[in-house]
Every structure is written in structure tokens, then in C-alpha cells.
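Okay, so here's the structure we're looking at.
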Amino acid sequence: MGSKTGEEDPGETLTQHHQILAAVHAGNMEQAQASHVYSYTHGFTGFAAKLTQHQASQISKMPGVVSVFPNLKRRLHTTHSWDFMGLVGEETMEIPGFSTKNQVNVIVGFIDTGIWPESPSFSDANMPPVPSRWKGQCQSGEAFNASSCNRKLIGARYYFSGYEAEEEEAVNTVSFRSPRDSSGHGSHTTSTAAGRYVKNMNYKGLAAGGARGGAPMARIAVYKTCWDSGCYDVDLLAAFDDAIRDGVHILSLSLGPESPQGDYFNDAISVGSFHAATHGILVVASVGNEGNQGSATNLAPWMITVAASSTDRDFSSDIVLGDGTNFTGESLSLFKMNASARIISASEAFAGYFTPYQSSYCLESSLNRTKARGKVLVCQHVESSMESKLEKSVVVKEAGGVGMILVDEADKDVAIPFDIPAAIVGRGTGDQILAYVNRTRKPVSRIFPAKTILGSQPAPRVAAFSSKGPNALTPEILKPDVTAPGLNILAAWSPAVGKLQFNILSGTSMSCPHVTGIATLIKAVHPSWSPSAIKSAIMTTATTLDKQHKPIIVDSEGRRGNAFDYGSGFVNPVRVLDPGLVYDAHPRDYISFLCSIGYDMKSLHLITRDNSTCHETLFRTPSALNYPSITVPNLNDNFSVTRTVTNVGKPKSIYNAVVSSPIGINVTVVPNRLIFNHFGQKIKFSVNFKVAAAAAAAATSKGYAFGSLSWRNKKSQVTSPLVVRVAPSNMGLMR
């Protein structure tokens, strides 16, 4: 019956509803009351009742009735990220027009913190025998033996030597000297990519419903290299080495170096993934959680690097102030405040040697218990680490606080399982709450337990914590490559941590396995495709628009995103199996790339262990690598980039070039029409960039400019981002 019109008396509303029902029960009030199920009197007006079709039709014609609809059964949704991206189904994850049943023959390796093999996400019910190509093993260890593996989890190993060599003291405290997961991270990433369908997955009742990974019938091999304090290079390299030999098809790494990343071959992940790529294994890695411009890591062109975005599901708590104002904040806290309590800025509760400014950040020991006891504290936050947010709720709790509002400028969208009733708000909301506190004689507030919100917009948004380009090592290679869901993702967990079977986490660690799952489905349908063809399909079918067809924005500043935030865009698993054209590259192309950035024969041999030389290669610049995105970081006047596309669509097809030029740059494509006559045919084209005289001064002083090149026909759209920066010497010059 529409939205609320004011403060109606619930008793009167109920009477009104009974009267409407009596009208379709021949005036019988007893029957009307018996048929009544619910009255809705808070957010909107309406009621639920048991009615015949005829009675429903009668009510629908009454004045003031907006709509009458049947009480349909809805399915609970959880690993909501896959539904959000358009992949539905429980075990099949089929993509219309294709069969992905062959995923049972695809083996996905995870280099992470291990696995909790008893989790229902890793059940092998109804799975066929292990593929014959598998050469790996199930390594026994503490609380883990050969029978811990099954037809789903077909291999598990752990690597300890590098950790042991570096952290002698920590070695004695390590839990599970085996592939068993003591931190939860590995189980979470593995189940996101390839977990089985689990009927009732939830986090303490939130986000309840069925959940599954992207490739639920694929095989899993686990390489535990990460321990309490991190993952050491020597252990990582041993894992890569074993994985290549064991027969994995895809490797997933939700880990990486700190930025700035070292040279490609001073970095174990770059080295290990180079060798994996030369053996035909696609490596998927996370871009990092540092959030600043130029902080992207896992920069090598032979891996696919993933940024993090939201879905349209949030977890939030209501914050109600004494004057009736209601705000929402992000939270996973299910703790309850039974009544409103006095609210103060944490700066008012400063203790001992701390200044009010320091105490406003709720640092350890900074709060005076007498001043904080029984109150809701408004704390400030600057760092991006999630642990420090959780710790602040512990500090407030220990000082006797009954609730916390955390004002966070950076990533307010990350929900945290606080130790007390608490929620995160952005700077604007924080200012409004503090203004209320400052102008009110006895300000009070109440924080409600977290709830699941579906349909939040805009979505997807790039998460504030997601590391961004440009590529600090080789600016000619755009990183990240794509973005995928990485905010508030529910997946399997290790009960060794908090006795939870499932948990909600945020990070590029969570977005990486989404792309791993998609890559697995592509491998299932196109087993002969090279790692770079799979990567190209994922990149060229991605979108830079959100669900409402508006440009994707970046939290929390709400600015319009660009290729440094999301690479080619947000992944679209429904389109990846039929990309039309792919940009393929082979190991020899990566050797040419290394020559173009200055590797000499000696260093090349150390890497390749073969007789490759730089004489055979024609790359003058790293821009010449046949990459699905094009970056020209130093445009002097004009510059040409050559690319080759391979037809993987209809044998006879024609594509036309559609260019959106970066501001201040003229872009031409030659030829601008590609005519294919057979499947597998390759066609070369060049993209020419020229500084536009009149626009040179205005447009390029801002640094990088962004555009795109799409090859289109009626069926396909193969899109590459164009990223250009005019060389500094050119700035402001008119020709």
C-alpha cells in the first residue's frame, strides 16, 4: 500500500487492514482476522494475508492499493559474487551455449596457507576418479595424512624450510606442520575459486544461503607456503617447481611483494610464474591492498593480476542518535546494545600521557576508563589495515566502552567483525555525528547488530584498498589487468581460527580466486588455449560500466575509475568463453620483452636455461609485446604499436575498429577493418598515437589520458584499454 505517510497509530493501521479484509470476506470480521498474517507498519504500509485468487483481485482494485502479488518462494543466495557476475546454478555453473563439464579434468593449484580438508566445500561426492595427468602427492604431517585428500582435493604439500631458516623462534609455535590451514586464508581463497556447492553457508547468521566456487567440479591441489608471519621466497619457488611437475593447469596466488616491487628476477613470484607460463600454466595473482597510485604489485606480463571491487551486497549496522537521526555504517558485529548510551568523541576520554588528538585514534592504553565506561566512543582511523580496526574495538571494550563508531576516510566499505557493537562510517557521516555530539547537552546513541543488505548501488565499485597502476617496473605494461569481487566475500574457513567454518573477508586476495575460477571454466571449454589466450579472453570481455550502465567509480572518493584502478574492467564470466578474437603470446615473446627492457644474454640464460638470444628478437620497446591492453608512457610526437589478433570465433567474420581516443591524442588504426576467412587465422594491425597540437598543452599536463580500442561485429566486442602519457619535453608545446 505504498510508503508510510507519517506517524500512524499501529493499532489503527491494523484495524484498517482488518476492514479491507472483511470487505472480501462478506463483512465477516472473524474470517478477516483469521486470514491476516502480517501488517507492515515501519518502512512502508501493507499487509500479508491468506487469500483466494478472486479475493486478491478484489483487493487490487481498491483505492490506495499499489499492488497485490503472490508469496513466491525465493532461493537463499550466498557466494553472491558469482550470481552478481551472472553465473547461476549450484554445481554446474554452466554458461549458456557451452558445456563446462570438462572442469573435472582441470587441476587448479593454490599457493597459500593450506586447506581445511573436512570443509564441505572440498567434498568429493559424485566426482569421477583423479585425472591421469596428475603426478602430485598428498603429503602427511601434523593432523593431516594421505587420507585427508580425496577426488576433489587431489594433492597437498607444505613448505617450511624457508620459514624455518628465517624465523627460528617462531618455529616452535607453528600450528599444523602440514598442509592443514591454521589461518583460514587458504581455505577461503580455494573455496571461492573451486569450492563445491554448500547448502547452508553463513557467517554467524549473516549472508545465509547456498554457496559455491566458480568451478565447483574442478580438482584442487594445495601448496602451503605461507605461515603465521608470511610466505618466504624459497618456499614459494619450491611450490611453483612442484606444481609445474605435478601437472596443474592453473595456479592461484593471493599474495605478493610489498610495493615497490623489485626487479622481475629478484622476485620469487615473477620467477616462478615465468617458468609456469613457459610450461603452459596460467598464473593468477592479486594486485595488492595498498590502495595508492603506483602501488600495484605482481607486475610481470606473463601473469594475470587482479584488483578488487564490490558486489551489490553490503553488511551494515544502523546507528541511531538521540535526536532520531539514523545513519548506517559497515559492520559484521552481531553484538547488541539493549538501550541508547551516552556518546562522546574518544578525544574526550584521553588518558595519562596521551593527548586528546592521540586518544581520538583509540590507540592502545590511550583511553581513560572512568571517562569511557558505559559510553559509545567515536574513534578516528587512518591506516588501511583491517587488523588495526578490529584492535580499536578491543581497546574501547577494555576501557569499558559499550560501542564504537569508527570514522574512516579510506575504506569504509570493508565490514569488520568487531568485539563490541560498532560500525565504520566515512568522513562526512563522522562529521555529522560529531556535530550532534558537540551541540547536544546529553548526546546519546544506539548501534544495532549488523544485517545483510542486497541490491546496494552503485555496483561494482573499485574498493579503496585495491592497489593501483601505473606499473612502477615497466610502465608499458598496464597493471592491474582486471577487477573482480573482493569486498566482504563469504567462503570456507579454518575452524582453528575463531571456531568458524565460514568467514567474510575483504582484499585483492578474495578477488584473485574469482578470476582463477573463471580461467578454470575457460580451460575446461578450450583445453588447448595458451595461458595468454585465456588471459586475453578475460581482459577483452571485461566491462568498465556498472550494473546501471554507468562508469565504474572508486570508493571512497566516488571518482570515476580508470584503467589504473581496474585494468580492462570488471570481469564478465558470461562472455569469456566466446571472446571472438584473442591476443596470444608465447614464451619466446616474453624473452623478447625481457630483451627490450635491457636484459643481456647472460642474465637471459640464467632465467631461461636455454640458448635464447636477444639477436633473434625484433622488440625495440616493451610496448611491442602482444598484450591485450596498450600503454604508451612516453609519447614524444607520434608512436606506433603493432598487435596481432587470432580468430577464435566464427571462421568467416569481419571486425571494425571503434576507437575512443585519450584526450589530446589522435589515434588511428591500420587496417581499421579485419576480415577473417578461417578459424585460427592471425591478422596484424597497428595503432598510431599522435599528440594533437591544439590539445597538447591542456590535456596532457594532467599526466596519463585514457581511451579504448574495440574490434566489433554484431556478435562480439573485443576491447583494449589505451593508456597514454605525453613525454614531459612535449608538455605545452604547440606545433
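First residue shown is number 1, and so on along the chain.
Cβ atoms are placed via backbone N, Cα and C, with glycine included.
Automatic prediction, not curation, is the source of TrEMBL annotations.
Here is what TrEMBL says about this protein:
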ACT_SITE  ASP112  active site, charge relay system
ACT_SITE  HIS185  active site, charge relay system
ACT_SITE  SER509  active site, charge relay system
DOMAIN    2-77  domain 'Inhibitor I9'
DOMAIN    105-547  domain 'Peptidase S8/S53'
DOMAIN    362-433  domain 'PA'
DOMAIN    625-724  domain 'Subtilisin-like protease fibronectin type-III'
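For SER509 (active site, charge relay system) paired with HIS185 (active site, charge relay system), the C-alpha to C-alpha distance reads 8 Å.
For ASP112 (active site, charge relay system), the same-chain residues 6+ apart in sequence whose C-beta sits under 8 angstroms from its C-beta are HIS185, GLY186, THR189, THR190, VAL222, TYR223, LYS224, THR225, CYS226, SER252, LEU253, SER254, LEU255. Here the domain 'Subtilisin-like protease fibronectin type-III' (625-724) has a mean pLDDT of 92 out of 100.
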